[in-house]
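Asks: Here it is: the structure, laid out below.
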Amino acid sequence: MPLAFQHKDQLSGPQFLRVVFRNTNRSKNLPATGSKGNQKFACLHSLSPSWLPPPYSKAQIRRHLRPAPPIPPTRRRVSLAQRALADPRVAQAAASLAMETGAAPTLQSLLCLAWLAATFPIVAAALPIPEAAGGRLLHRLLAAFSSRGKTARSSSSSSSSNAKFTVPQKFFLHFYVVGVTATTVLLVAIWFYAYMKMTPLSTEPSSYSAIASHILGGSNSFSLSNFLSRPKEHKYRVWRTVFVLLLMEVQVLRRLYETEHVFHYSPSARMHIVGYLTGIFYYVAAPLSLASSCIAEAMRYLQGQLAEFIVKGRARMPDLVIDSSSLLKPLVKLGWCQWIGAAIFIWGSLHQIRCHAILGSMRKHRDSDEYVIPCGDWFDRVSSPHYLAEIVIYFGILIASGGSDIPVWFLLLFVITNLSFAAIQTHKWYLQKFEDYPRYRYAIIPYVKLKSKKDR
């Protein structure tokens, strides 16, 4: 078999030796004994002397045949890591993960601060702050800001200046229009992202898992495959967010229907402009809090898809095929915590539907301001069972979310404090309006007496 290499003057020493070894190993029948280096050295002597360049002695040839010293394990791991990160897919996945871990905590921190800022005045108004320090003034301001409907009319009679900064109570409809819009946009975006990138729920094997094993010597504390295939826990988190947003979508759609068809607001019913703006804030921040753990990566993925569509055009984009089973199957495979939360959510929703139906029929005539004492369902125990049912609903949403997102906890804290304060004002109004109002009823929580600062 002829030797397939260039002339000896066109090759360096190591190149020449490698070519000779490769061809002699293919063409010579070497003895089975002896080291590999000796076999190759024997092959060199079997060649014609004219093929060996004169400057290379036996000592130089042995030096070239001497194996290189082993690379230390640490340097080998660093080298393999650098080589792996040189791959554009690995680098892109690592950069994406770094951006996601930086964007999500920032959004969650801002949401937590917003919920604290909204909750702090309510808590401060409930604390025993001395009148000289402005405690009574803070309580009056907060009562005026949160008043609406029947409680707004009673407060406006004592302070006519507050009536200038009110809007019709039928503007409650705006809350749920904003809530449906925000929740639907987030639900569609994250559901599409989960379907395209987080299906199936089980983790997919990565071709770089062997490299990751060599980098850390087989340690399980880190794996390069985390950059290329989503961990199972993260996929569950994204699909859990879809599940929670579905519950929120059901809630705001139902409230939108009830505002339009169940409640019959009086033309004179008003609410303060601060309460109106607080409601708009709530129905924007609540869906954001539920989706805060994965909204950044979902929006980034959609931006990438939109940019690709703009660059390539519709003709060069692949056809989008939606499989309904893959769209719903991961939701069924979620854990028991999600289904317990959904059961609590349904239980609270059923009671709120009944209580709202009772409240909707509480006035004798649609255009009058005459009320009757509500009875039935949880009204037999508390004065504001619809507020209690709403707390139960959001507690169920918290359970369904897994309790791992801090903004959801602050959301529930705001719901409890805000509705408890409103329930105290409603309970006082019932006691003042009806002399025969049942004294055994509590404000919002059965067997828990909540008193305002005036009652102390």
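Cβ coordinates come from backbone N, Cα and C, glycine included.
From TrEMBL, for reference:
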type	residues	note
TRANSMEM	171-194	transmembrane segment
TRANSMEM	236-253	transmembrane segment
TRANSMEM	273-296	transmembrane segment
DOMAIN	337-448	domain '3-oxo-5-alpha-steroid 4-dehydrogenase C-terminal'
TRANSMEM	387-403	transmembrane segment
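Burial and contacts for the listed features, if you can.
Replies: When Cβ-Cβ distances below 8 Å are used as the criterion, the transmembrane segment (236-253) is approached by residues 176, 179-180, 183-184, 186-187, 190-191, 193-194, 198, 201, 283, 286-287, 290-291, 293-294, 298, 330-331, 334-335, 338, 341-342, 345, 349, 393, 396-397, 400-402, 404 of the same chain, each at least six residues removed from its ends.
When Cβ-Cβ distances below 8 Å are used as the criterion, the transmembrane segment (273-296) is approached by residues 99-100, 103-104, 107-108, 111, 114-115, 118, 145-148, 165-167, 171-172, 174-176, 178-179, 182-183, 186, 189-190, 193, 237-238, 241, 244-245, 248, 252, 397, 401, 404-405, 407-408, 410-411, 414 of the same chain, each at least six residues removed from its ends.
Beyond the ends of the transmembrane segment (387-403), by six or more residues, the same chain brings 237, 240-241, 243-244, 247-248, 251, 290, 337-338, 340-349, 351-352, 355, 378, 409, 411-412, 415-416, 419-420, 422-423, 444-445 to within a C-beta distance below 8 angstroms of the stretch.
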Asks: Tally the residues of the domain '3-oxo-5-alpha-steroid 4-dehydrogenase C-terminal' (337-448) by DSSP class, grouping H, G and I as helix, E and B as strand, and everything else as coil.
Replies: 73 helix, 4 strand, 35 coil
